[in-house]
Amino acid sequence: MSFVPVAEDSDFPIHNLPYGVFSTRGNPRPRIGVAIGDQILDLSVIKHLFTGPILSGHQDVFNKPTLNSFMGLGQAAWKEARAFLQNLLSASQARLRDDVELRQRAFTSQASATMYLPATIGDYTDFYSSRHHATNVGVMFRGKENALMPNWLHLPVGYHGRASSVVVSGTPIRRPLGQMRPDDSKPPVYGACKLLDFELEMAFFVGPGNKLGEPIPISKAHEHIFGMVLMNDWSARDIQKWEYVPLGPFLGKSFGTTISPWVVPMDALMPFAVSNPEQDPKPLPYLCHDQPYTFDINLSVALKGEGMSQAATICRSNFKYMYWTMLQQLTHHSVNGCNLQPGDLLASGTISGPEPESFGCMLELSWKGTRAVELGNGQTRKFLLDGDEVIMTGHCQGDGYRIGFGQCAGKVLPALSFA
């Protein structure tokens with residue numbers, strides 16, 4: 001229990017302590033903080049208190065404007081920081097609790113803070129690791145007999161996304177322009193995307209990287225995973241459909257990707273690890289692991305259109321539905337010798353479950369635009385309209401507490417005029 005008041009339904013109890021980057025009106029410099037209740041603990045103010053065997057020589061990482069340097073220190077440093085912070089914030093520890101002047105400088109309300117991307121993202125990779133999602137999309141476009149491509153059950157399929165257009169929650173997303181071919185009997189056209197979609201995803205930040213040419217073995221993969229965020233992989237389905245053969249997604253994805261600002265450390269999630277999915281056929285040996293690394297994370301997506309007084313929940317899913325684990329994703333990414341770096345972002349792909357209400361995108365929820373998704377008050381959607389706000393949330397439910405991620409939200413702006 002912490003001396004900082006924390007509501008029972010708060011995403012950020014002392015069991016969580018996610019890391020983020022924030023600024024305030026009084027101090028516009030972006031800096032590292034930890035969320036506790038509705039407060040932010042400014043680690044740049046208390047960096048001198050990190051006197052453990054590792055962090056005593058690296059206190060300056062908490063004075064940086066991003067988490068990259070801290071991520072790069074590795075698992076032992078993360079564990080040292082977490083243990084220290086949980087002790088410092090506990091109700092029985094007087095060091096910060098009873099120092100009124102330090103508390104006034106160290107704590108900021110989340111409501112008064114501006115949040116930033118938690119790290120400088122050098123590279124971003126998006127996987128395609130939900131069997132339910134891959135099957136549904138395959139059925140739509142190739143038929144039931146050819147739903148999964150021949151490689152899908154043998155490796156975690158992925159593509160390299162655009163790191164420069166990853167934005168923090170609350171950043172508006174402009175409806176993209178591009179080339180489409182809505183009528184297969186006619187030439188392609190240029191214009192504003194008409195089939196704009198969201199994708200419910202999660203992503204993890206890489207900690208220490210690997211040298212070029214030296215793969216990360218799956219037995220060591222967990223040492224390279226810093227923590228997780230929510231992600232909305234915004235998608236222009238009509239642009240994507242026309243462009244993706246033969247090299248995969250390009251402009252249909254690269255216009256915007258939203259992540260939540262707080263990075264939940266893996267140690268906060270480990271109590272919610274569940275058995276890995278059964279994989280048949282068994283993967284090749286380099287992808288096999290026994291360590292449970294699938295997590296029971298409740299996820300939901302709400303949509304609020306213009307004129308709606310409150311958002312309507314249109315999807316409830318769970319991260320435990322993923323077929324390929326993060327350990328497998330990271331190991332496969334590096335198996336050819338590709339070098340990962342601190343702050344790299346690796347995403348899950350759309351998280352869909354077995355039931356229609358757990359489908360993680362409008363493409364599935366509307367089944368390729370053939371079904372209307374009810375929002376209430378007579379409003380429906382097949383794809384996203386201008387002014388729609390998509391709000392993603394997620395949490396693990398503990399006994400009397402929850403480990404949450406905050407929000408991953410973004411509002412659709414109209415496309416720019418085009419010639």
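Placement of Cβ uses the backbone N, Cα and C atoms for every residue, glycine included.
Per Swiss-Prot, the features are as follows:
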type: ACT_SITE; residues: HIS133; note: active site, proton acceptor
type: BINDING; residues: ASP126, GLU199, GLU201, ASP233; note: Ca(2+) binding site
type: BINDING; residues: TYR128, ARG142, GLN240, TYR244, THR350; note: substrate binding site
type: BINDING; residues: ASP233, LYS253, THR257; note: Mg(2+) binding site
type: MOD_RES; residues: SER2; note: N-acetylserine
type: MOD_RES; residues: SER92; note: phosphoserine
type: MOD_RES; residues: SER309; note: phosphoserine
type: MOD_RES; residues: SER417; note: phosphoserine
Going by a 10 angstroms cut-off between Cβ atoms, which of the modified residues SER2, SER417 has the sparsest surroundings?
SER417
Determine, to the nearest whole angstrom, how far the Cα atom of SER92 (phosphoserine) is from the Cα atom of GLU201 (Ca(2+) binding site).
38
Since the record lists TYR128, TYR244 as binding-site residues, which of them has the fewest other Cβ atoms within 10 Å of its Cβ?
TYR244
Setting ASP126, GLU199, GLU201, ASP233 aside, what same-chain residues sit with their Cβ within 8 Å of the center of the Cβ atoms that define the Ca(2+) site, listed in sequence order?
LEU200, ALA203, MET231, ASN232, SER235, LYS253, THR257, ALA347, SER348, GLY349, THR350
Should any of the binding-site residues TYR128, ARG142, TYR244 have a Cα within 10 Å of the Cα of ASP233 (Ca(2+) binding site), which are they?
none
Whole-number Å value for how far the residue listed as 'active site, proton acceptor' lies from GLU199 (Ca(2+) binding site) (Cα to Cα)
10
Please give me the CB contact count at 10 A for GLU201 (Ca(2+) binding site), counting all chains in the structure.
29
